[in-house]
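Engineer: For reference, the structure I am asking about is given below.
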């Protein structure tokens, strides 16, 4: 099968077909280019995804990756990054092995096609020229023959006419002979050109066109083979990265299999273990005995040994004690200390605080009661610890990590000691290196001045001394913590509320069990334990008592947001219960729905005191 013999008359169609083949090849190149762009975009998105979920340095997330599940996730992210790299390899290989080669091949193919069809058109033009020459000689021969016939007929006519002179007859005869000769010459020329054309036409259809079409056929077949090879390469590029992608997936599976739930559980224990013992049982208090009730064993009141006893004046302790349940102490400590805000500019004249309808109540101000409570010496140390604990909530971490539970504090101190030892070792190595260099300079003065190293050596030595002092300080704290951790029976006993006749030990060790020598443990997860020394002591005494009774009502004149601790928000026109009158500091204590209470500016409410409350 040959296009030269089978398609000898389909020159134009072959030209269109070969152009279509080049278009198909360019279309495939465009497809591969778009595939490479997709692979690059996909790889970029995968890398961004992996980077997005990587733990941030020096953040809490980085600490979370000590758990095996988080480590496995981190390994998954790293494997995903390698997975993305393989898609980049696919893109690069497709570009270098397919796109670049095909683009170059298309240019060569276009040039070869152009050359072949140029030769074909040239041969076609040549045969057309020969055909035109043949037609021209044929027409000339035909014309000369007709002219010769007319000249012969004219001569015969003149020769038959007796009236024509002999000279005219001779002239007609010569003209007929000339025309006859011209016809013979045209015939010979036509015969020669016809013979030549037939030769050219045979060569055109049996030699030139078959050769040209054969080249075009070979060119087209090479194009088809090349596009097939490119498709194979396309598949092989993908196949080459499959083993590596499989390794990435195997890495993810291996990371998943490395997850150890027991190990993670142990890490949680190590991270959050406080070192405290759980509280013991609470002793039954018999209220049927006709005796004066005392506060619970681990409260801050005086012991049976005659130590000063905390007095709460007034008829009702619930009325005088400004705390309720778990938040009793915190309510006292977080009550507003700043002056109340002034009322809005549209204050009505009727809203006059502390007017005739608000006589002064016969009770000591809350601040006076708190000061009296604080002056009890056995309690001062406990409250000082609590005060330090509350100050730590501002975000300042003590140097000795006293805001951490004992177990966590020990780990922090141990880590600090290890870090300092590493720094000491680093500085020591540097000092040794400088000393050796100085010895070299002393032996070989031409290499350097030994005195130039004295300043650096003194600086490094000073740094070592500072670090050693720092390490010694933390080691002392660490030894103190490690020495206290085993002694937990007394601590549990103190937390349980058992009264053993040693209240002075409770008071003395109140802060020591809850704090380090320079601060108290006040982390949010253990805030309740932090003030159990206070809150637990008083909960037994006051949990069963009724809330402070209402001494009147009030109507909100303006809306108050109540954003500070100890305050409560009110809405204009709202009616609430008054449980404590203004003591001269500009704040009135109110209650809503028997469970919400707090302070509002006296100028924001209109107070109506009960007559019975005024007289009490």
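Each residue's number is its place along the chain shown, starting with 1.
Positions of Cβ are set from backbone N, Cα and C atoms, glycine also.
The shown structure was predicted, so the numbers you read here are calculated from the model rather than taken from an experiment.
Here's the feature list from Swiss-Prot:
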DOMAIN    403-480  domain 'REM-1'
DOMAIN    549-610  domain 'SH3'
MOD_RES   499  phosphotyrosine
REGION    1-334  region 'Interaction with microtubules'
REGION    1-79  region 'Required for self-association and induction of membrane tubulation'
REGION    251-616  region 'Required for self-association and induction of membrane tubulation'
REGION    280-314  region 'Disordered'
REGION    332-365  region 'Disordered'
REGION    399-551  region 'Interaction with RND2'
REGION    494-616  region 'Interaction with PDE6G'
REGION    513-616  region 'Required for interaction with TNKS'
REGION    534-616  region 'Interaction with DNM1 and DNM3'
REGION    549-616  region 'Interaction with ARHGAP17, DAAM1, DIAPH1 and DIAPH2'
REGION    552-609  region 'Interaction with FASLG'
REGION    552-608  region 'Interaction with DNM2 and WASL'
SITE      166  site 'Mediates end-to-end attachment of dimers'
Engineer: Around the C-beta of residue 166 (site 'Mediates end-to-end attachment of dimers'), how many further C-beta atoms are within 10 angstroms, looking at every protein chain?
Structural biologist: 8
Engineer: Note the mean pLDDT of the domain 'REM-1' (403-480), expressed as a whole number.
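Structural biologist: A mean pLDDT of 87 is what the predicted model shows over the domain 'REM-1' (403-480).
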Engineer: Using DSSP, what is the helix/strand/coil residue split across the domain 'REM-1' (403-480)?
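Structural biologist: Going by DSSP assignments, the domain 'REM-1' (403-480) contains 72 helix, 0 strand, 6 coil.
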